[in-house]
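Before any comments, here is the structure.
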Amino acid sequence: MSKRTCYAGDVTAEYVDQEVTLKGWVQKRRSLGSLIFIDLRDREGIVQLVFSEEFDKDALAVANSVRSEYVIEVQGVVKKRKPQAVNKDMKTGDVEVEVHTITILNKAKTPPFYIEDGVAVTEETKLKYRYLDLRRPEMQKNIFTRAHIMRSVHHFLDDNGFIDVETPTLTASTPEGARDYLVPSRVYPGSFYALPQSPQLFKQLLMGAGFDRYYQIARCFRDEDLRGDRQPEFTQIDLETSFLTAEEIQDITEGLIAKVMHDVKGIDVKLPFDRITWQDAMDKYGSDKPDLRFDMQIQDVSELVKDSDFKVFAGAVQNGGQVRAIVLPGGADKYSRKMIDAQQDYIKRFGAKGLAWLKVTSDSISGPIAKFFGDGADLVKAVGANAGDLVLFVADKAKVVADALGYLRTHFGHDLGLIDEQAFRFCWVVDWPLFEYDEGIQRWVPAHHPFTMPNEEDVHLLDTDPHAAHAQSYDIVLNGYELGGGSIRIHNREIQGKMLKALGFTPERAQKSFGFLLNALDYGFPPHGGLAIGLDRFVMLLTGRDNIRDVIAFPKNSKASEPMTSAPYPVADAQLKDLGIEVRADVDPEKEHEGDENLTE
């Protein structure tokens, strides 16, 4: 093979009248008899090749035999296109290469789908032929953007005194949250390693070892139910520091994100980011990861309706609940009763019993509950509605109200076109509760993880009322997605012991699960804290995708399997025998895991 002159996508006017050698894939071929055009594709783009008897008769014959996705090498001379043939949509659109030599480096079967953006093909097929899917320009762009982000992260953290340290991939199973992926030990029959759900404990130990500032682009593994922005194996930008306050860690993180946004998107984000307490986020936006690209704040009308004749509202308040509302500007004419009822059915999944609504006119109100509120003037004023608006109400327990209205706010924000899809709005959510109640397993769990330091003024509550304590934790949110989270950690063994006790750990169980950390805390650990940012989610948001599978080279599908390699699949009996493992076919995985610990977010 000859040495490549440049990438096909880089052949521009500066190469005119120069001899070039190019290599790549045949995107498409067009034959006009004595003239053949081939679009040659590589990672940088596409350039048009021209074959003619005038240039070389043999090259024309070979060009006539090639098909899509053949791998070829060509030599030729770059020429300017005729004005009427210029393609302004292509970087190389004002030139073409007159080819005199072509070599077929490899043939290709007809692909199961066209290698082009926007192709209509099932997700399963794209994953089965991922190596073909990754040839598409938008997929290449996603992976290059990911690499660009990682490069920017490395540069910033290296320049700010952080040291890149690898932590173990084979480690001990600890009750950190989701189910562990277990790896059986052949050397120790019946014993297992676990793949890390995060480097959390190891990075704390590195602070105890005196490294002061650690980072890692860390691979993490969690055996949990999947959704669009989750994968069983994922990557996070992991940081930990010693002797810094939460505010100082947030400042460093803002600097990191500002550099990435500048380097990758050419955007200078406004610093510092907005800060909102967890309680305000839930009250105003119905979410602990609020989308601040639009306003539409939730309004509390509990006091106004507690004595109303509408028993649903009055009863909710009397039973310790709330009545809250959102206003949909211009929604009165846009949404019919049928459309509103469809949302009423949807919010029942959050525990809401129903959705009340009013339409505002110039001098009155209408709707199923209008008769209970006269002309509705006080109610309209309280929620800040105007003529033509639609007001939605939910009455229930605080969490149910927040979850339901938070969903409705986001849904209608998109539907009404209130969200600038090109905007990036970062914010911090701070002052979290230390614990939250998990209705699914009917017990208290950490809002983040069991190594989070309570607020200084709340440490004493670990002895008396731990569930009232707040934490030195903070989440960074982008456009309604949790981008990352962190906290100041517990560096005192006594406080860590109280935290585990509040979670129901006996001293013996705490020592068995976290003994190595508890023992280490006896040897002079510094105050420390950190943060982790989900790299996959960050790339997804910066590339405008809606699924992290689009920004991971070889992801799993929604069933945690990989169609390309067929993983996971049964292994040979001999391998199982070496490990002392017997496979049972009658296991119900859900029942097997009932009562599992859930200690993290």
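A Cβ is built for glycine as well, from the same backbone N, Cα and C atoms used for every other residue.
Since we're looking at a predicted model, the values are computed, not measured.
Swiss-Prot has this to say about the protein:
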type: BINDING; residues: GLU176, ARG222, HIS448, ARG489; note: L-aspartate binding site
type: REGION; residues: 200-203; note: region 'Aspartate'
type: BINDING; residues: ARG222, ASP223, GLU224, GLN231, GLU482, GLY534, LEU535, ASP536, ARG537; note: ATP binding site
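In sequence order, ASP288, LYS289, ASP475, ILE476, GLY534, ARG537 constitute the residues six or more apart from GLU482 (ATP binding site) in its chain with CB-CB distances below 8 Å. The shortest Cα-Cα distance from LEU535 (ATP binding site) to any of the binding-site residues (ARG222, HIS448, ARG489) is found for ARG222. Straight-line distance linking the Cα atoms of ARG489 (L-aspartate binding site) and GLU224 (ATP binding site), rounded to a whole number, equals 25 Å. Secondary structure at ARG489 (L-aspartate binding site), as computed by DSSP, is strand. Secondary structure at HIS448 (L-aspartate binding site), taken from DSSP and collapsed to helix, strand or coil, is coil. The average pLDDT computed over the region 'Aspartate' (200-203) stands at 97. Secondary structure at GLU482 (ATP binding site), as computed by DSSP, is strand. Using a 10 Å Cβ-Cβ cutoff, ARG537 (ATP binding site) registers 21 neighbours.
Largest Cα-Cα distance over the residues recorded as binding ATP, namely ARG222, ASP223, GLU224, GLN231, GLU482, GLY534, LEU535, ASP536, ARG537, equals 19 Å. GLU224 (ATP binding site) and HIS448 (L-aspartate binding site) are 16 Å apart (CA-CA, integer value).
Taking DSSP states H, G and I as helix and E and B as strand, the region 'Aspartate' (200-203) has 4 helix, 0 strand, 0 coil.
DSSP gives ARG537 (ATP binding site) a helix state.
Within 10 Å of the C-beta of LEU535 (ATP binding site) we count 25 further C-beta atoms, all protein chains included.
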